[in-house]
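A.B. asks: Sequence annotations record features per position, and here TrEMBL assigns Mg(2+) binding site to Glu77, Asp97, Ile99, Asp100, Asp233.
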Amino acid sequence: MSLDSAQLDEYLAFAIDLGKKAGEMIKDGQAKRFANKSSLDTKQNSIDLVTEVDQAVEAFISNAIKEKYPSHKFIGEETYAETHEMELTDEWTWINDPIDGTSPIPSPLVGCSIGLVYKKQPVVGVINMPFLNQIYSAKKGGGAWMNETARLPLTGTAQPLTELKAAMIASEWGSDRREETIKPKANSFSKLASQEGVMAHAIRVTGATTVTLVQVAAGQLDLYWDAGPYAWDVAAGMVIVTEAGGYFTGGKASFDRGTDDLGKIMMSRRYCCIRGVPATDSESSEQIQKRIVKDLYNVVEEWTNDTMEAENL
């Protein structure tokens, strides 16, 4: 896929500007929410919340894209909630999660994710964490950055990671809290953390996929795996992680097949990524990354629900 670098620069600058403006909306919305007790609706349960700010931010981003690039397509979390339509074509398509981590807004650890896809491949990604004043960005072939000046990973160079038990691993509990979903997650956490299992260095849950992905890209986390998020949760983060030297794959079956099509992985709703690592005398960086991911998938239990299609395993 041949892309014009100057064109990607334009799209990236536009997305960064959008992300910054959306971040201000999110911060203003939080202040008004606590001052005026603005309306708060539940999505599926009390864990997964949507506010009027969520919807306003997506509308702002969608309208700005339509005005600037009228021929481009748009997919957003809130739009999908209304239409349940998410058709991905070869056209330039913006994919947006206005506020990922809505429930922990008071914490505040949330991300506004803006991704751009072309020919079904993610090519530009911006994630703004407005309450932390951190904006992460990347374009295909251009590296990944925090606040446009600090190149990722933040350690400067990738740090060694040679085995699963040395990893800080992240996943999410998610909003689906049914026993058939929670049990395999809890079992997996136990196998990874316990002395009788892998005894991994740490298990982390941030409450927001976008936040977790930028932490992997930055080198603050080593590995992320989950099932259930949607394309808007990962589209931007995939670009940021891979441009920072990370490896991104799908679920166990997808990984075992050697699927490397990021577009297909993005739509699969099963994800695993690992930060950049240096090569050793005996293994390349990618060989190490794939070996550790394989070790993870040999331990964890995968889960599914009736909204996840069998072919996405």
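From the backbone N, Cα and C atoms, a Cβ is placed for every residue, glycine too.
Describe the structural context of each listed feature in the structure shown, including burial, neighbouring residues and relevant distances.
C.D. replies: When secondary structure is read from DSSP and collapsed to three states, Asp233 (Mg(2+) binding site) falls in the helix class. Counting only same-chain residues at least 6 apart in sequence, those with a Cβ under 8 Å from the Cβ of Asp233 (Mg(2+) binding site) are Asp97, Asp100, Ser113, Thr209, Thr210.
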A.B. asks: Counting other Cβ atoms within 10 Å of each Cβ, which of the binding-site residues Glu77, Asp97, Asp100 scores lowest?
C.D. replies: Glu77
A.B. asks: Relative to the Cβ position of Ile99 (Mg(2+) binding site), how many further Cβ atoms are located within 10 Å?
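C.D. replies: Excluding its own Cβ, the number within 10 Å is 30.
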